[in-house]
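Per TrEMBL, transmembrane segment is recorded for B:38-56, B:68-87, B:116-133, B:140-164, B:198-216, B:236-256, B:262-279, B:311-332, B:338-358, B:365-387, B:393-410.
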Amino acid sequence: MTDVILQMRGITKTFPGVTALDDVNLTVRRGEIHAVCGENGAGKSTLMKVLSGVYPHGSYSGEIVVDGQPCTFGGIRDSERLGIVIIHQELALCPNLSIAENIFLGNERAPRGLVDWNRTNAEAAELLRRVGLDENPTTPSMDLGVGKQQLVEIAKALSKRVRLLILDEPTAALNDQDSAHLLNLLRGLRDQGITCVIISHKLNEIEAIADSTTILRDGRTIETLDMAADVVTADRIIAGMVGRDLEHRFPEHEPHIGEEVLRIEDWTVHSPTQHGRVVVRGANLSLRRGEIVGLAGLMGAGRTELAMSVFGRSYGTGISGRVFKHGREIQLKSVGDAIAHGIAYATEDRKRYGLVLIDDIKRNVSAAALGKLATRGWIHDNEEYRVAEAYRTGLNIKAPNVSAVTGKLSGGNQQKVVLSKWLFTDADVLILDEPTRGIDVGAKYEIYTIINQMADQGKAVLVISSELPELLGVCDRIYAMSAGRITGQVTRAEATPERLMQYMTTVKEQ
Amino acid sequence: MIGVDPTGPGPAVAVAKQAAAPDRFGGRLFSANLRQNGIYIAFALIIALFAVWTEGDLLAPQNISNLVVQNSYILILAIGMILIIIAGHIDLSAGSVLAVTGAISAVLMVEYDLPWPLAILITLICGGLIGAWQGYWIAYFGIPAFIVTLAGMLVFRALTLAVLGNQGIGPFPDEVRTIANGFMPTYLGNIGLGPLDGADLFTLLIGLAFVAGIVVTQWRARAGRQRYGQSVEPTALFVAKLVLAAVVVMTVIVQLARFKNLPWVLVLLAVLVLAYSLLTDRVVFGRHIYAIGGNLNAATLSGIKVKSVTFWLFVNMGVLASIAGIVFAGRLNQAGPTAGNGFELDAIAAAFIGGAAVQGGVGRVVGAITGGLIMGVINNGMSLIGAPSERVMLFKGLVLLAAVAFDVFAKRRAGAGK
């Protein structure tokens, strides 16, 4: 009998009108890395919130057993006392506080009520060393990138004498390098006897790191795979998650590429916050009719900055360079100009920049082209409903009707609403920034199909993505960016992950 | 943070559990309705409560007329305020702007003896310029509206004192007093029967026309939705709502007809409410206000001219405040240095009682009007039963808190688990 640290038995959790978890079982062995995967809405995060006490005892049914003892957590503090710490998907650091202050937030090194700063900073330095973060503990956490903030979160967990660390999508916002570092760190923690439960959409990571994998689907436990005993491939996990075999992760597509639609020449952008910093330097790029073009790059390479600065100067200062549409130079001084010239930009952060979450589907779909539905400022609301319904059925947005509030939709369906919005502007150049971020496998496939359809309709599509397999699977041609420059360009036939990674890490000197 | 609970009931679950789905959407519909309509239920309850306490005096012909006239300027301010709050801003200067525009109109009409229509026009333009001044700092310079209008509150009060010295200016021309305080004349004589004893026929006809207008537009809107295959409420419920609306409107009209006919300011108010309701519901500009308040970033990236919309919202507020300023001065028959003290807070309270959200993006003109009327009924009802002013304040404060608490509660329940 193996040593079991945690058992969750028959967990059932209902929200008004819906069962999020239905008799879920989870058994985690001591000192292992246990992956939990499933589509969005499968109940992964709910299960972790039950475990960590975010949903207190009594709000669910079932049993949690830690080290053979049944537990009734009334809140996070109870579970933390037992060494169970959860790190949420959205990081919870206070940007204005220092690393050390964040690590000991709520847990201050303060004998007799006064904070002992020497001890705080010394202990923080020690914790930072353990997670391999070479930063001064007094640095404000807003100066850190997402990858480093993630490490601070782990240091914070370590400070609470964590025995069971739960990470919800820890690498979702990280680039490949930072992800690799994080995964290595988790291996190191495992060797120190810390058990990890990791929720992830990135199946290659699960393959690489997990000792066992539990798959949830529609709020039920489907199976637990022992990664050491069996040969478990990504396709095997996907099959469990979606309940069907996914032959291919990417739809087949035969491109029909026509003439050049958009050309960007010598594009340079300066940072609006850091004076004098060049974010994009002399970029040249062209898109053709019916072509799906990828833009690869590590975090901070300047991909989003390039796209947003072209999209009506919605990012950056000191922008120079020229944009040609169908061979004729155009001026894009505002987002309105860009939309009028048939350019659309679907943001990488749909909740913050893409959608009005408190509004319904139809109002979001019409938001960027309301003029098309109005005469002299007067909106035809029935027509608006009809248009939105057409997109809902056409793009398979799962909602009872278009009066459903977008904030309640899953990530994949929200993304489809964003795409609908831009399709409705009749754009012929679509810039899609991380179109499948935080979306489950089944919905990703649908998004890829939509992208292919857009290309077949003669639109030029630029896909910005941090996932190389996605770019390789979807794009006809891929640009790579590094440190603000476009460092290379490959066609679909010649593209390999290694070659792209090489371009993505090239640093050219001025 | 507003967001989606990634663990929450996703569509995958809904599809998998078809049986549970209708119940879930039904429940959501109900809670959404409660959140939207709670305010009207509360209004009805408060009216019923005071009708009983005052032994019916609250609903007496003269008192209903007073209710409208006494609260008109707050309601006018509330219309502008709700738009600003929907966009995620606030205006603390409304009371001072009301005072300074009232003073300007008084100077023009009384001291310079300008014809009253010209004086009113100039006053409205001044109100618009004041709004443009504040709108510039807020929209184009990027100073929070709270600060700009806090400054405005002091500046325009100071200007009022500078214009008026320490005394009031009056009296106003009869026409202006009539707008603020007067009634429509009798055109067709009275009816001399039963419960309509002494009611003005023309007023009753206006009421009937108004009801007919409501029925026809609602009916056509519903038919249009059906033609487009949208779901509509059951016919019985729809008819019941129309009947209820007709009864309420006609009750008020009959009472007014029995007193001195329609107050002119009620006509003005009705026109404003109608126009601004259409603006928010059916006009592109109105839709942009909601988008800006709902998610500023998304609105910007959707090509909405955020700065320009914000600027014009404050211009609009300035014009509405100057209308309120003229009405208020006309009603008192003089422009005084302390006019409008604290009115901005009443207007803000009306907006929030009427269902506006503190974060912006939510709210309706009719809601703000109802919120204003709730406070009006409390003021009026409590003074009828002779309650001391501290108790009125206490009651109003608790109602405001309760209204917002209810909104937060309903929102939390709707977003179960977050």
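Easy rule for this one: first residue shown is 1, then count along the chain.
Yeah, the Cβs are placed from backbone N, Cα and C, and that goes for glycine too.
Annotations in TrEMBL come from automatic prediction, not curation.
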Near the transmembrane segment (B:338-358), which same-chain residues lie under 8 Å Cβ to Cβ, leaving out any that are not at least 6 residues past its ends?
35-36, 38-39, 73-75, 77-78, 80-82, 85-86, 90-99, 102-103, 153, 160, 324-325, 328-329, 332, 364, 366-372, 374-375, 396, 399-400, 403-404, 407, 411
Between the transmembrane segment (B:393-410) and the stretches B:38-56, B:198-216, B:262-279, B:311-332, work out which stretch tops the count of Cβ pairs under 8 Å.
B:38-56
Which residues of the chain, 6 or more past the ends of the transmembrane segment (B:262-279), have a CB below 8 A from one of its CBs?
65, 68-69, 72, 75-76, 79, 83, 178-184, 203, 206, 253, 256, 285-286, 320, 323, 327, 364-366, 369
For the transmembrane segment (B:38-56), sequence-distant contacts whose Cβ falls under 8 Å of one of its Cβ atoms, 6 or more beyond its ends:
353-355, 367, 370-371, 373-374, 377-378, 380-382, 384-385, 399, 403, 406, 410
